[in-house]
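A quick write-up on the structure given underneath.
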Amino acid sequence: MDPSKVEEDPDGPLRITVSPLDRPPLPNIGKQSPVNVDTLAGPEVDEDAHPNRSTRSRRNLLYNTPSTVSFLGFGPDNQLRRKTLRKRGGGGTERDRSNSTELSSWSIDSELSDDGSDQISMDEITLMFATHERIPKKDFRHEYEASKDVDSFFSMVALELDITETSLHGIAVKMVEGLLKEEPDCSAEEALSALFTHDSVHHFNRTMQGTSMTEYGSVDYDQSWICAFASMKNLKKRQVSVARLKHPRNLGETSQEIRFIIIVLAPSEEKTTRSALETARTFATLLHEPENRQEFLDCRDKVEFMNMLRRVELKYSKEVEEVGASAKDTGSTESLASFEKPEDRQGCPIGKGVWNDIKRRAPLYFSDFKDGLVGRHTLHKLISAIVFLYFACLLPSIAFGTLNSRNTHGAIDVRKVILSQTLGGLIYAMFSGQPLIILQTTAPLALYTQIIYEIAHGLHVDFLPMFGCVGLWSSGFVLLYALVGANRIMKYTTRCVEEIFALFIAITKVAAAFESLIHDFQENIGPDCSHNVTTSEGNGYGDVAVGCQLDKALLHLLLLLGTVALGMMLYNSIHSPYLDAKKREFLADYSLPVSVIFNSFIGVYVFSMVSLTRFDVQTGPLFVPVELGSLTSTAVVTSMGLGFCLSLLFFMDQNITAAIVNSPANKLKKSSAYNLDLLVIGIINGILSVFGLPWLHGTLPHSPLHVRALADVEDRVDQGRLYSIVVRVRETRLAAILSHILIGLSLLLLPSPLNYITEPVLNGLFIFFALISFSGNQFYERLVLILTDQSAYPPNHYIRRVPLTQIHLFTFCQVLQLAVLCGLGLSAMPYLEMIFPIVLLALLPIRHRLMPLLIDPKYIRALDAAHTDNH
């Protein structure tokens with residue numbers, strides 16, 4: 001048997017060609033022989049990974065005729081049963097057949113009778129033939145008939161909005177009756193007969209849908225729209241009807257969430273360029289982009305819908321600029337995530353990358369503000385993103401401020417962290433190249449601050465001057481990295497490294513939360529809770545030391561779990577069957593503030609008799625320059641070494657976060673600016689170091705969640721698994737700017753009422769952010785596979801293309817690297833924590849040099865494929 005071939009089609013998804021010898025034979029229907037289902041399985045295709053192909057370039061149109069082949073067979077109980085063999089094969093005209101691709105799939109179904117069995121009569125057996133053919137999208141620039149098709153539709157205005165019919169036949173009847181008002185020689189019955197199959201299935205006879213390659217390597221149908229077309233003898237001219245359904249409808253296989261239906265009728269004698277197929281191809285091209293469909297969904301009436309249709313047509317024809325467009329497409333989506341642009345290699349390398357980033361982003365600066373105000377639902381998205389960022393940045397600032405205050409004995413407290421967040425966030429949002437990245441002080445930075453404090457104490461110098469000196473050295477190194485274009489090294493960063501780092505950040509958040517919880521239990525329940533207490537009180541059940549507060553420790557645990565549980569329940573309500581889509585989206589957008597406010601109320605008012613730990617706020621001036629002159633030469637040299645290691649942490653953290661934000665799955669249109677972003681980070685941390693304020697860098701998961709908060713998403717179903725893809729993102733600076741202004745104003749709320757947010761709620765917030773960062777992390781998903789029954793494995797591409805032993809070996813390698821990072825990053829030994837950034841950078845050669853020695857490179861390519869649609 002010849003192996004299946006995998007080819008790449010420049011205009012579509014992966015081309016899979018199956019030779020005739022590989023196809024399973026049809027059963028002998030005439031003899032009604034028993035059929036072994038296992039022999040009907042199609043060939044397993046070993047596809048190569050294509051990580052560099054954009055989602056847009058892989059989207060395609062598929063012209064198909066659904067059908068079945070039914071036959072009789074005997075089951076294990078020797079009862080006569082009907083089996084259905086579904087087949088999809090290639091076909092089409094001679095002109096397109098050379099460019100078409102045959103997609104073959106086989107499945108066996110049974111049809112049950114009323115008594116639960118699948119015995120049937122022989123009269124119900126039917127044979128149907130189906131062809132699936134890939135056809136190119138309509139080129140509006142060169143195919144004149146494409147624009148004429150749209151003009152013809154404008155003249156008839158056969159548009160139906162917000163149809164409430166639930167059945168496919170009912171929807172088609174309503175659309176056809178509107179089409180044939182000026183066709184006296186054609187009846188609705190004739191049109192429906194031409195459109196539908198003549199069997200009990202009663203589905204469209206000839207259809208066109210969009211397809212794309214999923215992240216798992218399978219063909220994914222755009223199930224939100226379908227175009228049906230047919231030819232009729234008595235028709236005088238072409239007729240086109242477009243319908244938008246009020247709610248998504250499940251209209252069968254590959255049509256499980258239909259929102260748009262297009263019906264095209266054309267005379268049988270019409271010339272080829274004006275045939276039903278060619279006309280259907282025109283309107284299918286207009287609907288195949290998710291962003292276009294979202295625009296059509298946002299239209300409130302027919303006039304707005306028709307105007308939007310004209311705008312889309314003009315965009316494809318390239319005759320004029322799209323009305324209201326505020327961003328230029330920078331090319332393929334891979335270019336956005338690329339760390340090395342071609343123009344950066346020309347001329348003097350010093351500062352070249354930064355200058356090119358400024359030239360690319362400067363023309364879009366005004367649109368960075370406009371895009372946050374223009375468009376339907378944009379203000380709602382902007383407000384929800386502002387509220388999310390306000391709580392998502394303010395609350396961790398309070399938590400890390402409390403942690404830093406404890407580690408530095410008050411030298412860096414909550415006020416300083418909030419001020420640092422405000423200044424750094426505003427400067428970055430105003431002047432960075434990618435304003436969707438959110439800066440924060442993080443757990444690794446808090447650990448590094450503790451290291452500096454302990455070393456300064458050992459050298460007998462003041463902490464804040466040494467802290468500022470380390471920050472200035474680090475900022476100098478970061479500025480050097482930006483000017484020489486050191487970001488080019490990060491082109492070796494793959495999904496493997498990104499996901500190890502993301503999981504490490506999640507673990508540090510969980511560790512910080514549980515460290516606080518354990519400390520509270522030891523303080524209030526442990527043997528040392530009453531060291532200074534000499535008496536005890538009886539309560540009838542035994543003696544409890546007066547200094548021990550069991551209720552305080554238990555309430556800490558209750559509020560921590562309550563914050564996590566309520567936050568996750570509201571965050572995941574977007575996939576709930578309850579309420580409508582807008583209310584679910586609202587609950588998901590505001591899950592964080594609702595959870596924090598509710599649990600803070602419970603802790604402060606419902607359990608008012610329990611004294612919970614609140615953070616302290618110190619008084620005094622904030623903008624006081626550190627006294628660098630008080631440092632010894634030994635402290636300065638030590639600070640340089642610490643600053644170099646810290647600069648590597650900034651370099652890796654910032655670029656990994658930026659790469660995840662700029663991934664093709666987010667469908668960003670504006671160019672990336674890695675060198676400019678790193679330059680701004682260096683300047684910000686240099687300013688903060690002078691005043692002894694905590695440092696900042698791009699953080700996870702806040703940055704990708706910021707992107708998600710400004711995005712419109714579309715739900716998809718892939719082999720029974722529901723997932724969401726990003727349709728468009730409002731690439732604006734306003735959300736970050738306004739949220740950080742509010743964070744700055746929150747300094748006026750110190751100490752009250754912000755100190756009503758107790759430590760247990762802040763710890764629950766850490767775990768909440770850790771849990772939501774697991775979504776879409778394939779490293780975490782592969783860890784779960786170890787405990788999952790193989791029959792319940794998800795339809796991932798690597799499950800089908802990589803042996804299970806190789807999958808687990810790859811995961812084990814990642815676990816070892818993660819364990820080393822956690823061992824160093826969370827170590828109690830300061831000098832071990834110092835080398836953590838170096839080990840983080842060492843993940844790059846480990847991935848590209850050592851892992852290929854253990855695992856076949858073709859399996860690594862499949863397991864370490866680039867980010868596309870996250871599902």
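The backbone N, Cα and C atoms fix where each Cβ goes, and this holds for glycine too.
Automatic, uncurated: that is what TrEMBL annotation is.
Taken from TrEMBL, the feature region 'Disordered' covers 1-117 (among others).
Marked as compositional bias 'Polar residues' by TrEMBL: 100-110.
The region 'Disordered' annotation in TrEMBL covers 326-345 (among others).
TrEMBL lists 352-525 (among others) with the feature domain 'Bicarbonate transporter-like transmembrane'.
For the transmembrane segment (382-403), the residues of the chain that approach it from at least six positions outside its boundaries are 372-373, 412-418, 420-421, 425, 438, 440-443, 446, 512, 586, 589-590, 592-593, 596, 615, 694, 702, 705-706, 709-710, 730, 732, 734-736, 738-740, 742-743, 746, 754, 757, 759, 762-763, 765-766, 769, judged by C-beta separation under 8 angstroms. According to TrEMBL, the feature transmembrane segment maps to 382-403 (among others).
Look at TrEMBL and you will find 423-443 (among others) tagged as transmembrane segment.
Tertiary neighbourhood of the transmembrane segment (463-484): same-chain residues 349-351, 353-354, 408, 411-412, 449, 452-453, 455-457, 626-628, 630-631, 635-636, 638-640, 642-644, 646-647, 650-651, 675-676, 678-679, 681-683, 685-686, 688-692, 695, selected by CB-CB distance under 8 Å and a gap of 6+ residues from either end. Under the heading transmembrane segment, TrEMBL lists 463-484 (among others).
Among residues of the same chain six or more beyond the transmembrane segment (496-514), those with a C-beta under 8 A of the stretch's C-beta atoms are 399, 403, 442-444, 446-447, 560, 652-653, 656, 659-660, 699-701, 763-764, 766-767, 769-771, 773-774, 777-780, 814, 817-818, 821-822, 825-826, 840, 843-844, 847, 851, 863-864. If you look up TrEMBL, you'll see 496-514 (among others) marked as transmembrane segment.
For 537-867 (among others), the entry in TrEMBL reads domain 'Bicarbonate transporter-like transmembrane'.
The feature transmembrane segment is assigned by TrEMBL to 553-574 (among others). Counting residues 6+ beyond its ends, the transmembrane segment (553-574) has Cβ neighbours under 8 Å at 513, 517, 520-521, 523-525, 584-585, 587-588, 590-592, 594-596, 598-599, 602-603, 607, 610, 612-613, 758-761, 763-765, 767-768, 771-772 in the same chain.
The transmembrane segment feature in TrEMBL is assigned to 586-608 (among others). Packing against the transmembrane segment (586-608) from elsewhere in the chain are residues 384, 387-388, 390-392, 395, 551, 555, 559, 562-563, 566-574, 579, 709, 756-758, 760-761, 764-765, 768: each is 6 or more residues past its ends and has a CB under 8 Å from a CB in it.
Residues or ranges marked as transmembrane segment in TrEMBL: 628-652 (among others). Within the chain carrying the transmembrane segment (628-652), a Cβ under 8 angstroms from the stretch's Cβ atoms is held by residues 444-445, 448, 451-452, 455-456, 459, 461-462, 465-466, 468-478, 481, 486, 501, 678, 681-682, 685, 695, 697, 834-838, 840-841, all 6 or more beyond its ends.
Among the features that TrEMBL reports, transmembrane segment is placed at 673-696 (among others). Note on the transmembrane segment (673-696): residues 339, 344, 353-354, 356-358, 360-361, 400, 404, 411-412, 416-417, 419-421, 423-425, 427-428, 431-434, 437, 439-441, 445, 449, 464, 467-472, 474-476, 478-479, 481-483, 485, 487, 490, 622-626, 646, 650-651, 654-655, 658 of its chain, located 6 or more positions outside it, place their CB under 8 angstroms from a CB of the stretch.
For the transmembrane segment (732-750), the residues of the chain that approach it from at least six positions outside its boundaries are 368-373, 382, 385-387, 389-390, 393-394, 397, 414-415, 418-419, 421-422, 425-426, 428-430, 435-436, 438, 617, 706, 709-710, judged by C-beta separation under 8 angstroms. If you look up TrEMBL, you'll see 732-750 (among others) marked as transmembrane segment.
Per TrEMBL, transmembrane segment is recorded for 762-780 (among others).
Annotation comment: TrEMBL describes 818-844 (among others) as transmembrane segment. Sequence-distant contacts of the transmembrane segment (818-844) (same chain, at least 6 residues past either end, Cβ-Cβ under 8 Å): 444, 447-448, 450-451, 454-455, 489, 492-493, 497, 500-501, 503-504, 507-508, 511, 641-642, 645-649, 651-652.
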